[in-house]
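Per TrEMBL, these features apply:
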type: BINDING; residues: ARG96, ARG107, ARG114, SER152, ASP154; note: alpha-D-mannose 1-phosphate binding site
type: BINDING; residues: ASP181, PHE193, ASP195; note: Mg(2+) binding site
Amino acid sequence: MVDTLLELKSKGECLLALVGGSDYKKIIEQIQYPEIFDYIFSENGVIAHKNNEQYFSENIVNFLGESKLKNLINYCLLYIANLDIPKKRGTFIELRNGIINISPIGRNCSYIDREEFCAYNSKHDILKTFRSNLINEFGKYNLAFSIGGQISIDCFPTGWDKTFCLRHIEGISNEIYFFGDKTDIGGNDYEIFHDKRVRGYSVTCPDDTIKVLRTFLDS
């Protein structure tokens, strides 16, 4: 993937940007060469970096206020406490600048724990059911909920999904291409994938992304 991105960038005709729901530190841990990207949009673009220098930030606590935030956190903790799943670990709620990440198993789970939860979730729809309950309970707060990754639900103000990052770049380029795997309804790539400002590609893995990129490089 790195070689393909470098080849794409060497053409000098495009800017590379990465958008994710995780905080900036976590994103940097997950990618080997952050310097490849001209822009990194963490927490859906609520935190924005250009050439690894932060230049924009927002905050969900200011949006919600302490009372509503407390109600949401209390509800999630009680729901998870009453949830009967094979394993629970730690860090069930992670408060970020633009997102509240809610994980029934806990973000401290190991890779094996994660895989086991994914298999269990695919049979029992733990995340899908939890998300539906959160929408019913807290949609009145103008909050949106999407399944983020394999083990968690992202909570954010309506409009603070991944389309938020587009405000940073839509005036820079005539065409914006997006690649993501959670493009079905309820997934955290759904909104940006279907945004009229974007040409979206639904991919399943890095190799799948490389195949699409090669069509650009070889054309």
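In case you wondered, yes, glycine gets a Cβ from its N, Cα and C as well.
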Per DSSP, three-state class assigned to ASP181 (Mg(2+) binding site): coil
C-alpha spacing of PHE193 (Mg(2+) binding site) relative to ARG114 (alpha-D-mannose 1-phosphate binding site), in angstrom: 26
Length of the line joining the Cα atoms of ARG107 (alpha-D-mannose 1-phosphate binding site) and ASP181 (Mg(2+) binding site), in Å: 20
Listed in sequence order, residues with CB under 8 A of ARG96 (alpha-D-mannose 1-phosphate binding site) and six or more positions away: SER22, ASP23, GLU43, ILE60
Protein Cβ atoms within 10 Å of ASP154 (alpha-D-mannose 1-phosphate binding site), excluding its own: 25
Cα distance (Å, whole number) from ASP181 (Mg(2+) binding site) to ASP154 (alpha-D-mannose 1-phosphate binding site): 16
Distant-in-sequence Cβ neighbours of SER152 (alpha-D-mannose 1-phosphate binding site), under 8 Å, six or more positions away: ASN101, ILE102, SER103, PRO104, ARG107, LEU127
